[in-house]
Amino acid sequence: MANVVVIGAQWGDEGKGKITDLLSRSADVVVRYQGGVNAGHTIVVDDKVLKLHLIPSGILYEDTTCLIGSGTVVDPKILLKEIDMLIENGIDISGLKISSTSHVTMPYHRLLDEAMEADRGSNKIGTTGRGIGPTYADKSQRNGIRIRDLLNEDRLKDVLEIPLKEKNGVLEKIYGIRPLCKDEIIKEYLDYGKRLSKHVVDCTRTIHSAAKNKQNILFEGAQGTLLDLDHGTYPFVTSSNPISGGACIGAGVGPTLIDRVIGVAKAYTTRVGEGPFVTELQGSINDQLCDRGSEFGTTTGRRRRCGWFDGVIGKYAVYVNGLDCLAVTKLDVLDELDEIQVCIAYELDGKEIDYFPTNSDDLKKCKPIFKKLKGWQCSTANCRKLSDLPENAMNYLRFLAELMEVPIAIVSLGANRDQTIVIEDPIHGPKRALLR
């Protein structure tokens with residue numbers, strides 16, 4: 001039995017959904033511990049493409065409990081769309097549970113998010129415009145609406161009074177946006193509450209009960225390490241903590257409950273939105289990675305920025321999260337390249353550094369120092385064990401493991417479930433050297 005955290009080791013979009021889906025087969029409980037509908041993961045099942053933003057990937061397994069934890073912010077309108085989509089595809093959603101203390105994204109949060117981002121002009125952050133930041137801001141200011149508030153009309157009227165008055169004032173006086181109607185919001189969100197009520201639980205008690213019964217618990221993060229509010233490329237970050245420590249806070253468990261932390265990293269690097277990106281590529285190779293990797297955001301549809309694998313941020317992710325092993329995804333995207341580069345250090349103000357600068361101004365000045373490796377120029381999409389991989393592909397993986405000083409447990413070679421090499425089951429397997 002093992003309790004495992006799956007986190008993104010880059011700027012999000014690493015393929016965590018597929019890895020979580022894979023590991024969910026061995027999990028009894030899957031917990032989403034932070035983020036909101038600004039995240040998105042795509043799962044391919046029997047040629048069906050399922051795109052989820054809030055519901056954990058484990059929902060595809062009927063005996064698995066899927067819990068949206070207290071650290072997650074929930075847009076009930078989008079959540080219900082996901083529920084309806086799953087039901088239409090014949091997927092049982094009885095295992096879905098929602099923490100009663102999760103905060104709710106309200107209509108004014110979305111309006112404020114869009115208005116504030118537009119107002120920033122050239123200094124925009126690159127927000128998805130889904131209201132995540134304003135929702136977390138209200139949570140921090142103790143002015144938020146929680147899932148439990150949608151279950152009682154009198155309570156919803158009471159807790160909505162002050163924030164709606166404040167937000168309407170800001171929307172109207174600063175941004176020239178028409179005020180929202182309280183009665184309409186109450187009616188709409190009480191309806192959401194009725195539909196979701198059968199899924200609402202006490203998050204901490206649910207996880208504690210599972211742990212007491214020796215069940216396997218999988219903690220699923222959204223976004224990635226470099227988007228962490230405290231440890232990412234601030235201010236170009238999200239409004240929560242995707243790193244492994246965030247799992248304890250967002251799920252309501254102690255750190256001693258965590259047995260293993262798995263980092264998910266692409267075989268190259270991508271980033272959506274604004275912010276420094278040291279290994280970013282331009283021109284034909286960037287286009288090739290983007291096209292072969294289908295690098296368009298699940299949530300926004302925005303084209304992702306692409307670059308070579310950055311070992312500096314990789315080592316930073318290992319340290320910040322305490323990674324035990326790695327899952328490397330999209331290795332197949334590199335199949336056609338005759339030469340592949342990996343960033344092994346930065347140059348900052350004429351000096352070589354091997355650490356990640358936490359100051360975004362310094363990071364913008366950094367230049368990558370690359371190690372060139374030979375490509376393999378043949379398809380890896382049908383490889384199912386390590387011995388099937390071309391020698392240069394194996395050399396590439398070994399180099400990444402050596403550079404990051406952490407073993408590789410899983411290699412993904414495409415979107416489908418079976419396009420995966422599992423070197424060791426991170427939940428049931430012993431903690432030992434995998435691929436170094």
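Cβ from N, Cα, C; glycine included.
With Asp13, Glu14, Gly15, Lys16, Asn38, Ala39, Gly40, His41, Arg142, Gln223, Thr238, Arg302 listed by Swiss-Prot as binding IMP, the candidate from Thr127, Thr128 annotated for that site turns out to be Thr128.
When every Cα pair among Asp13, Glu14, Gly15, Lys16, Asn38, Ala39, Gly40, His41, Thr128, Arg142, Gln223, Thr238, Arg302 is compared, the largest distance found for this IMP site is 34 Å.
Packing around Leu331 (GTP binding site) is summarised by its Cβ count: 25 other Cβ atoms lie within 10 angstroms of its Cβ, all protein chains included.
When secondary structure is read from DSSP and collapsed to three states, Leu331 (GTP binding site) falls in the helix class.
Fewest Cβ neighbours within 10 Å among the recorded positions His41, Arg302: this applies to Arg302. Under the three-state DSSP scheme, Lys18 (GTP binding site) falls in the helix class.
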